[in-house]
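Here it is, the structure in full.
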Amino acid sequence: MSGALLWPLLPLLLLLLSARDGVRAAQPQAPGYLIAAPSVFRAGVEEVISVTIFNSPREVTVQAQLVAQGEPVVQSQGAILDKGTIKLKVPTGLRGQALLKVWGRGWQAEEGPLFHNQTSVTVDGRGASVFIQTDKPVYRPQHRVLISIFTVSPNLRPVNEKLEAYILDPRGSRMIEWRHLKPFCCGITNMSFPLSDQPVLGEWFIFVEMQGHAYNKSFEVQKYVLPKFELLIDPPRYIQDLDACETGTVRARYTFGKPVAGALMINMTVNGVGYYSHEVGRPVLRTTKILGSRDFDICVRDMIPADVPEHFRGRVSIWAMVTSVDGSQQVAFDDSTPVQRQLVDIRYSKDTRKQFKPGLAYVGKVELSYPDGSPAEGVTVQIKAELTPKDNIYTSEVVSQRGLVGFEIPSIPTSAQHVWLETKVMALNGKPVGAQYLPSYLSLGSWYSPSQCYLQLQPPSHPLQVGEEAYFSVKSTCPCNFTLYYEVAARGNIVLSGQQPAHTTQQRSKRAAPALEKPIRLTHLSETEPPPAPEAEVDVCVTSLHLAVTPSMVPLGRLLVFYVRENGEGVADSLQFAVETFFENQVSVTYSANETQPGEVVDLRIRAARGSCVCVAAVDKSVYLLRSGFRLTPAQVFQELEDYDVSDSFGVSREDGPFWWAGLTAQRRRRSSVFPWPWGITKDSGFAFTETGLVVMTDRVSLNHRQDGGLYTDEAVPAFQPHTGSLVAVAPSRHPPRTEKRKRTFFPETWIWHCLNISDPSGEGTLSVKVPDSITSWVGEAVALSTSQGLGIAEPSLLKTFKPFFVDFMLPALIIRGEQVKIPLSVYNYMGTCAEVYMKLSVPKGIQFVGHPGKRHVTKKMCVAPGEAEPIWVVLSFSDLGLNNITAKALAYGDTNCCRDGRSSKHPEENHADRRVPIGVDHVRRSVMVEAEGVPRAYTYSAFFCPSERVHISTPNKYEFQYVQRPLRLTRFDVAVRAHNDARVALSSGPQDTAGMIEIVLGGHQNTRSWISTSKMGEPVASAHTAKILSWDEFRTFWISWRGGLIQVGHGPEPSNESVIVAWTLPRPPEVQFIGFSTGWGSMGEFRIWRKMEVDESYSEAFTLGVPHGAIPGSERATASIIGDVMGPTLNHLNNLLRLPFGCGEQNMIHFAPNVFVLKYLQKTQQLSPEVERETTDYLVQGYQRQLTYKRQDGSYSAFGERDASGSMWLTAFVLKSFAQARSFIFVDPRELAAAKSWIIQQQQADGSFLAVGRVLNKDIQGGIHGTVPLTAYVVVALLETGTASEEERGSTDKARHFLESAAPLAMDPYSCALTTYALTLLRSPAAPEALRKLRSLAIMRDGVTHWSLSNSWDVDKGTFLSFSDRVSQSVVSAEVEMTAYALLTYTLLGDVAAALPVVKWLSQQRNALGGFSSTQDTCVALQALAEYAILSYAGGINLTVSLASTNLDYQETFELHRTNQKVLQTAAIPSLPTGLFVSAKGDGCCLMQIDVTYNVPDPVAKPAFQLLVSLQEPEAQGRPPPMPASAAEGSRGDWPPADDDDPAADQHHQEYKVMLEVCTRWLHAGSSNMAVLEVPLLSGFRADIESLEQLLLDKHMGMKRYEVAGRRVLFYFDEIPSRCLTCVRFRALRECVVGRTSALPVSVYDYYEPAFEATRFYNVSTHSPLARELCAGPACNEVERAPARGPGWFPGESGPAVAPEEGAAIARCGCDHDCGAQGNPVCGSDGVVYASACRLREAACRQAAPLEPAPPSCCALEQRLPASSSSTYGDDLASVAPGPLQQDVKLNGAGLEVEDSDPEPEGEAEDRVTAGPRPPVSSGNLESSTQSASPFHRWGQTPAPQRHSGRVVGAHRPGLLSPVFVYSPAFQSGGEEGLWMSNTCTLR
C-alpha cells in the first residue's frame, strides 16, 4: 500500500500535546483520509467503497478506478463530506488480481490532487449464484427429470446471463449438454431430460456453469416398485445406557395417512463404525403384529460385540418388514442410532473469540451435545484458563442449560500474549464420570495496542431480525470521548457505513491482573509516546451503537468499529452477528381447500411481489423422506450467501472445533511442558479490518502494532483469497441429518411443475388444477424471482386427497384364456363408525364367476370396523380375448352393532336394496388383457404404389445431369424449378450424356438468358432474353414439349402460345428416352416433376389374406393401414419398430438410428414440427444414454459392454456413424466420438483392411471367405459419415480405399458387393462404376421391383423360413433387406431416382406393421436408405383416393390422402379372416398400404433350429388338503366349497409358493447360432425371483450376457448358442396371486438376426401339482385333464415337466467343467457339503442342476433335518418350515443361546426374542473349535467326507433378511452337550 500526502505535514506539537496516559483520545485535528474497500471484488457486482475524510471544511471529490492488466476497466466518483461511499460496477468476465486506485480533489485546486493511493484487490469471477432444483430426488428408468435453474446476484436479484448445463451419469459420461441457455424469465431457466429404459443406476449429476464457475446437484436413478404403504423406523436418538434397554417404534401408514394392519418382523444388531468397523454384533430377531405402529425394545447389551474397547463407536442397524393383511410387503432399514460410551461432545461456540483484550473481561461459550447432535442438559463441565501449564488464572465448574455453558474470565494480565482454555466433562446429571472423557482445548491470542486502548464489541443477546434496530454495546479501556466510525459488511460487500459520537453510558474500574515480567516490544508506534506503565486499576467505559437491520445483512453480517487517537493510532474491533433469514419477496402458496377427494378441481393460489416469475411444484408428501436436500430451501440460499463472506483465514483455528493431543493420557497432558500454541502472533487494529474482509488505504491512521510479527506482515497477509465457505460461519454438524441415514423405498410422482408470471397488482395468481386419483397428500411449494424484490421461497402447503371410504383391487396385467384368477378386493373404512358394506362386482360377458354360472355380477356383504381394512376374494374365469373391464362398487351403511344384530347375509342382494341412505360410496374399474393360448405369430402384406409420382431432384453446384426415365408416349412434361441461375434440362436417348442430346438452359448468363442447344455445352440454336426468370426463394413452373420435332419451352403449368419462351424445330423428332436435370457450376437447384403412369393413371391389385389351418380360434386379427409417405410407418412407431427385445448394445441402436433418419428427412423437406422434433430428440437422448452403457474403457463398444472380452469392430463402427449423424440434433460428446474413432484406427491392418475384432453377432456380415471386405467397407463408411479431420484419419480411409479397390473384383457375393459399392461411391473411387455394374448384374428384377438375394449362404430349405406350408407366410433373410438397402443408398447417392424406385417398392413390401423390418441392422440400414430416397423424391403434395374391399362382402373402406393428412396413419380393422382383398387407387402421388395379420398357433415350428428342453420343479405340498378322490370331484361343489375364497389367512398360506424353472437349449446346425434370445413366460400369477436371476450372471462359462424381465416374460441374451452342448438357465419364480387351471405356456428360443431360426416348447404344471388344484369350477373341479379342446390343431401342453430328463441326458451341459486349479479356500455349500473352493461349488451346482450357493461354515456343521411330516428340501425352502416343539421359555446353557417369550402379549400372539452367545465347547471330530472363542461359527476342516449331524429347525427364517436359523441338537456329538445352535449369518435365499 502506498500513498503520497500533498498537503503540509502537521507540526510535531500535535503529538506532544496528546496526553501520555491516553485520557484524551479525541478526534485528530489534522486533515486526512481512510478508505476501506472489500478485499475481494466480484465480477458483475456493484462494489461499495467507504471513504472517511478527517477534518475537511468542505466536500472532497473522490474518484475510484479499477485497473486490470494495466488498463482501467471501470471508474466512479462522488463528493464526500466527512464520510460517504462510492460504488463501482465490476464488469463480468473479469478475474484475477487488480489495482484499486483512488484520488481526492477539491480543497486547493491550484495545487492539484489532495491525495492519491492504490492497493491490490482480488477479482473473483463468481459474482452470481446458481440454484438447481429438480422435481424429485430419485427417478426410475424412463422417467423425465424436470429441472429449474435460478440465477441470482449476491443481493438475490435475477441475473440474466448465458448458462451452460450438462448431465453426467455415475460413470462420468456426459449424457446431454445445453449450450447458451438464456433465462426465459427473471433469471429462471427450465430444462428436462428423459431417462432411458436402461440407464446406469446410481447417482447422476446436473452441472451448470456460469461466469466460469460450476454448480452441481445430484439425483439418483434406481429401479423400484411402488408400494401401497410407507414403513418408517423411529429408533432412539442415541443409546443412553449400554446396559439398559431403549424403546424404538415402527410405523406403517398408507400414503393417505391411515394405519396399516399386518405382521411385523424386526432384525437388529450393532455394528462398529470408523476405526471399529470390523466389530460385528450379534443379531436379534423379533416377530409380532402391528396396527399403524409398534414399539419394540432395543437392548444393546444383547447385540454389541463382545469385549469392545472403552471408546467403541457403533450404530444400531435395524431391519423391519411389514406384511399387510392384503399380502403387500414393505421393508425399511435404519442405522441412525449411535452407540458409544462417551455421550457428550464439546465444542466452543462460533462466537467465542479466538483472541482476548488485556484489561477487558473475556467472555466465551461452550456447546455440549449428545451423539445425535441434540443439546446436552445437566452436564457439569470444568473450564480452566492457563498462561502456562503451571500458571492457572481461572477455574470454574458450570452446569449446562439447553446445551450451553457460558463463562467469563474477569481479567487477563495486560502483558499476557497467550491463554490456554481447557474444558472437561466432570459429571452427567450429578454423577461423576472420572477420567472417561477427554478434555477439549482452545488457544487464545492477545490483542495489542501501544496505548493499551482497546475496544470490545458485545454481540446482541439474540439473533437480529430485519426491520429492527440493533443495539451493540461497545466497551473501551480509554475514555469514551471519540467519534466512532463503523462499517457493516455482508455477503462480501459494504452494506452500511457511518459515524456517531461516543457517549459514555457506564463507567467502571477494575483491577488488572499482574503484569508479566517479560517486557513488551513495541512496533509501528511513534517514538513520541512510550508505553504506559502497568496500573492496578483499569477504567472501562461503555458506549453503544444503534443500527437499522436491513435485508442485505441476512444471514451474516460483520460489524467493524474504530476511532482515531490524537497521535494517529487507530483503535478498532470487529465481530460477526447473525440475522434471521428473511426474503424481501414474500411468497406464499396455498390450496383452496385443505382436503379434497381425488379427481376434484382445486385452486392453487400464489402470492408474490408483482412482476415476479413464480415456479410452482406439487409433489407427494413422501418425496421429502426420500433424500434430504433435494428441494430448494431458504437454508440453502442463505448458506450460499454466507459463502460470499470474505474473512481472515488467520482469525480462527485451523481445527474447526476442539482438539486434544492424540496418544497422550490425561495425566501426561497435564504435566507436559510442551504447550502447542497453534499461532505465535498477536492481533491489532489492522486485524479488525482484515477480519471484516476489508483492505485499507490511509495517510493518517496507524493500525498495525502487532508483537512477534514474524508471520503477520504486510507481505504475509495480502487481500485474502475467497473461500469456499465462511470459516467463522455456522459449521456443519458433525452428525449428519438423521433422514440421510434412512433408506426409503416409496417414490411417488410429480403432480405440478409450472412457471407463471404474477402480473396482477395485488400480487396474486391462481392455477386451477385437477387433483390426481391418488389417495395421498400433496405438498405445494413455490420459488419466485423479481427484479425489484429478488428471490423468495414459499413455505410448503399441504393438500390431502382422501376418501374416508373406498375400495381397491388389483388384477394381473395379463391372463390367458381359460385360466381362473383369485382376486382380492379390499374395503377401507376410515369414517369413524362401523360400516355394513355391500360389495357388487360386475363383469362383462367374457368373464364368469366361478361357482356362480351365468351371473354378470355378484354382491357380497361384509362388516368393516372403523379405521380398518377388510379383504374378500372372488374367483373369476376368463373366456373372451382382448381388454376386459371389471367394476367393483361398494355401498356402506352405518351400523353401530357391526352386524351383530342377527341380520341375514345369505341373500345380500335383498339387503342391498333397502331404503337406508349410504354413508359411503365408491366404485373402481380395472382392466385386464386376456390373450389366446399358443404362440403369437404375425405377417404383414405391404404395397407401395404410385398412380402418378412426383419426383424431387436436388442438384449440387457441379455440372452433372441426373437422369429420369421417360414413360412411354410422354412427349411433354412440366417441371417446377428453384435455383439461383443456370438450370439445365437434357433430352437424351440414354441415362447418360449422349452426342445427340438436346440441352435446354433456363436463366443462363447469371439469370439473364435462356436457350436451346443440340449438345451439352453446345452453341445456342435458339435463345431469348429472360431477366430474373429463376428464383431461389420460390419454385417456378415451366413446361417442355418435343412433339413432332418441335422443341418448345414455356412458363406456367399448361402450354400455350403466349407462354412460350424459346422454341426450335429439329429436322426429325428426337429420340428421348431419359430426361436429365442439372445446374451449372456455382449454382445449386431443385427440380420437381410428375412421372405419369401408363393407361388411365390408376392402380389396382387383388390379394388373399389367410391364416394357417391350425390357428387358435378367435386369435385372428387383421388391420389395414394407409399413409401417404414412405417414412410414415416409421414416424408413427419410432419407439417400437420391431417385435423383438432390445437388450444389447447393437439392438439398442434401433431406438437411436431411425430417429436420426426421420429427423433428417423432415428437416430437409421442411416438415419438422416442434412436437415431432421434441419426441424424436427425446428418443435420441434416451438411446444415447442407453448406448453409453455398452461402452468399454478403451472407447470401443460391444454387445454387452464390459461383460464381453473385447470391443466389437463392427458395433463400434455402427455406433460411431450413428452418433455422428445425431450431432445435428442432440448433444454428442466429441470425446466419445474421438475415443471410438481412435480405437477403430488402431485396429487397422497394414493392407488397409479391418479385421473382425470382438464378436460379430450377425454372421452374415462375415461374408464367408471375403469376411474382411464387407467389414472394411462398413468401417470406412462409418469413418466417412463421421468426418475425417486429422491426417491420421484421412490416411486410414485412403488405405481402406486401396484395399477395397483391390478386393472389389474378387467379391462375388451380393452382400459384400453391395457394401463395397456403397463405400467406393462414398469415397468417389474410380472403381465405383465397375462395382456398381457388378451389383446391378446380381440384382433380381421381377414384377416391377428390384432386390438382391443371398448366395453362398447356408443351404436352407424354404420351409425353414416358412411357418406353414399353406402359402400363409412371410420371411426374408434380414441380410437380403440389408444388402438391398445398401444398393438403394448407392442409387440415392448417385441421384438415380429411376433405378431407386423399384428397390423402394421391394423394401416397402418387406416392412412389418410397425415400420421396421425383421431385425435391428436391416431396419437401421433400410430406414436410412428410405429416408435418403424420400428426401430425394419429396414433392410436397399428394392427392389420392384409395379404396379397399373384401371378397367376404363384410368390409369396404375408402381412404382420402391429401397434403394435410399425408403423415397420418389411417387404420381400419378387417372383420374376418381368411378373406380376399381388392385395392384400387387413383390420383397424384404415392402411398404405402400395409395389412397386419396376427394369430396364435399351437406349435409353430415344423423344423426347429434349436433343441429345447423345459423342466418345472415344484416343492411337495406341506400342510395342504389331500388330493380329492374322483367321486368327490364329480359331486356338487357344496361337498367341498372353496371356503378360503374369503379367508385372508388361507390365501396367505396358499400364496407362499415358489417353483424352479430350468430351460436347456442347443443349436441344431453346425457350429453355433448368431446372438440368440431365450424367452421364458411365467405361469399366470407368478413373478421371477430377481436374486436367482442375478446368480446366473456370475457364471462366466454359460455365455449368458444379460437378462430382462418384461412383464411375465424373462428374456435371456446369449452371444451365441453352440451345438456341442446344452446351454441351460435355472431360476425361481414366486407366486403373487392365486391362478387356477393354468394354461400351457410357450418357451421359445430364436436367432435374433434371423428370427425364422427358432424353436418353441410348451410347459405347464403337472396333473398332481397343488397348483393344478387351487380353484374349482363346478362339476369339473380340479380336473385339468378334462379341459375342453381349444380348436383345430390345438394340443394342450404336457402336464409335468415338458420333456423327459433323458431327452437331453446324453449331451453335456455347457460350462460345467471349470478350470478351477488348486487355489481357493474351502467353501461351505448350501447343501451342507464342504467344497475345495468356490469354483468347485459352482461346478457341482452345474452338474447337479441344483441351486447351490456359498453358506456360512456353520451350515455345514449340522444336518438340518425337518420334522417328520416334511420332506427334505434345500435351504432356501426353510422359510416355510414350521418351527419344532422347542419354542419358548427355554434356556440352554450349553448353547449360549436363549429363546424367551416377551410377555405380556395378547392371546394368540407371540413376540420372540433370540439372543446369540458364544458357542459351546466341542472337542472331537474334524471340527475346528476353541472353548475360548466367542465366535458362534464352527467350520469343518478340509476332509474328504465331512461328518454330518442331525438336528431340528426351531427358528423360522424369512427371505431377504439377515436372520439366523436355529437348530436344536439333542446329541451334538459324543461327549458334546445338548444345545440350541445358530447359523450366525446364514442368509438362505
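From the backbone N, Cα and C atoms, a Cβ is placed for every residue, glycine too.
Quick paste of what Swiss-Prot says about this protein:
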- 1-25: signal peptide (SIGNAL)
- N117: N-linked glycosylation site (CARBOHYD)
- N190: N-linked glycosylation site (CARBOHYD)
- N267: N-linked glycosylation site (CARBOHYD)
- N757: N-linked glycosylation site (CARBOHYD)
- N1439: N-linked glycosylation site (CARBOHYD)
- 1514-1548: region 'Disordered' (REGION)
- 1706-1757: domain 'Kazal-like' (DOMAIN)
- 1793-1852: region 'Disordered' (REGION)
- 1794-1806: compositional bias 'Acidic residues' (COMPBIAS)
If I take the alpha carbons of N267 (N-linked glycosylation site) and N757 (N-linked glycosylation site), what is the distance between them in whole Å?
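N267 (N-linked glycosylation site) and N757 (N-linked glycosylation site) have their Cα atoms 52 Å apart.
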If we check Cα distances from N190 (N-linked glycosylation site), which of the glycosylation sites N117, N757, N1439 wins as closest?
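Given the candidates N117, N757, N1439, the nearest one is N757.
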When a 10 Å sphere is centred on the Cβ of N267 (N-linked glycosylation site), how many other Cβ atoms does it contain?
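Its Cβ shell of radius 10 Å holds 20 other Cβ atoms.
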Looking at Cβ-Cβ distances, which residues of the chain lie under 8 angstroms from N1439 (N-linked glycosylation site) while being 6 or more apart from it?
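In sequence order, the residues whose Cβ lies under 8 Å from that of N1439 (N-linked glycosylation site) (at least 6 apart) are L1457, H1458, R1459, G1483, D1484, G1485.
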Which one of these glycosylation sites has the most other Cβ atoms within 10 Å of its own Cβ: N117, N190, N757?
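Counting Cβ neighbours within 10 Å, the top one is N117.
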Between the Cα atoms of N757 (N-linked glycosylation site) and N117 (N-linked glycosylation site), find the distance and write it as a whole number of Å.
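N117 (N-linked glycosylation site) has its Cα 48 Å from the Cα of N757 (N-linked glycosylation site).
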I'm checking region-level scores; what's the whole-number mean pLDDT for the domain 'Kazal-like' (1706-1757)?
73
With DSSP assignments reduced to helix, strand and coil, which class does N757 (N-linked glycosylation site) get?
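The three-state answer is strand.
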For N190 (N-linked glycosylation site), which of the three DSSP-derived states applies: helix, strand, or coil?
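Where N190 (N-linked glycosylation site) sits, the three-state DSSP reduction gives strand.
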